[in-house]
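For reference, TrEMBL has these:
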TRANSMEM  6-24  transmembrane segment
DOMAIN    15-336  domain 'Acyltransferase 3'
TRANSMEM  45-63  transmembrane segment
TRANSMEM  107-127  transmembrane segment
TRANSMEM  134-154  transmembrane segment
TRANSMEM  187-204  transmembrane segment
TRANSMEM  210-230  transmembrane segment
TRANSMEM  251-275  transmembrane segment
TRANSMEM  287-307  transmembrane segment
TRANSMEM  319-340  transmembrane segment
REGION    361-380  region 'Disordered'
Amino acid sequence: MCDFVALIHFSACYSGYLLASIVWKQKRTGVVVFLFAVLRRLFRTMVPVFFLLMCLQLLPLIASGPDSKAFFDKIDEDFRRQWLAILLQVQNYAFKKDAIAPVFGHFWYLLVDFQFFLVTLPILLLLKNRPKVTVGVLALVSLVGCLIAMWQVAGSRKTPFIVLITESLSTFLETGYYYYFYPFYHAVCYFTGCITFFLVLRFTTRKISLPVQAAAWCVVVACGMCCIFMKTPWYRTRDPTTELGKLSAAFFDRILWSVFLSWITLSCATGRGGFVNTFLSWSPFTPLSRLAFGVYLIHLLFIQLLLCISRERMFFSHFFAVSLFFTTIVWSYLLSYLLFICCEAPTGRLDKLVFEPQRKQTEKSDGDAAPNANGTEDGLAHVVAKLRDT
């Protein structure tokens, strides 16, 4: 569970970083740019989602089991009840606290990421030529998000983060549906990604001494380990701290994790990452990253289907958990490849055919000159190009 939460916030941080890099390369600003960006974002994300939902209607033809009919009926019911909320990007506010898990519950992250996109894009467009003010505004919004998250858990049974193994199912559901699935807890990670981009612009050509780099690595590793192991007491007892301790955990947890992510991004983007940068730049990760979106959409649906069609009892041992992990990840990547070939790639191509000619015409009319902050434009060009290709 800790690994899953970590990956969620890695993705949120780098989404903010890439959004800032794209806006920085954009030569024009205004309402039209904002509207076209929102339209493209909806098109690129929602078409694969609804294509997958359509494919789920074929499951009764290829799979069956003791509880399969109830699962297929739940898919139909959730789709009829939530399709509009998913399309409008507000499903994460529409969950009801009951013991029946929603089939499409994991879509909350896509919607939260889009909500951050709607908030961040106007800030970046309006303050594009004032980086220091932009960083200040994003930092302020991040702190506001942390304060709201702290207020949400104050005086309630909610835990300051998701605790999967808990004595109370109602506490777990309340924390997930009315706290974790809301954007406030995750805000600092997303906005820190945007701030990190401006730090990269500043420190690419500036020298950072080796002792300072070593000290920074020690600090951020300590922050990361603190965020991971501070959750242990909540897995051992229901209320391991006082109310002040719970509120402090809710406020500082994502701040410390954001510092950890920000330094890793900054060090790798400026050539100071060492073996960490070498590992993260490993070429086999490139095709896997292209399939990551589909894997996220598919993996939880596959697990639910697997459990519902199983005709034998399953003993939840460590061996079974590891086996389920490898089974899920292999099947998810195989199915994600089919989703990419049948939907994501054609959608991306259609997106370019519709929007790219207008963008190229705009760039041609505005000229080839672009702002070069501390000589980092060439270093970031490949990141933006790869994002546009995906």
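Any Cβ shown, glycine's included, is placed from N, Cα and C.
Automated prediction, rather than curation, is the source of TrEMBL annotations.
Remote same-chain partners of the transmembrane segment (45-63), defined as residues 6 or more beyond its termini with a Cβ less than 8 Å from a stretch Cβ, comprise 72, 75, 79, 83, 86-87, 104, 107, 110, 114, 293-294, 297-298, 301, 305, 309, 339, 342-344, 347. Among the recorded stretches 187-204, 251-275, 287-307, the one sharing the largest number of Cβ pairs closer than 8 Å with the transmembrane segment (210-230) is 251-275. Only residues 6 or more beyond the boundaries of the transmembrane segment (187-204), in the same chain, are considered here, and those with a CB under 8 A from a CB of the stretch are 9, 12-21, 24, 113, 116, 120, 124, 131, 134-135, 138-139, 141-146, 149, 254-255, 257-259, 261-262, 265-266, 269-270, 373-376, 379-380.
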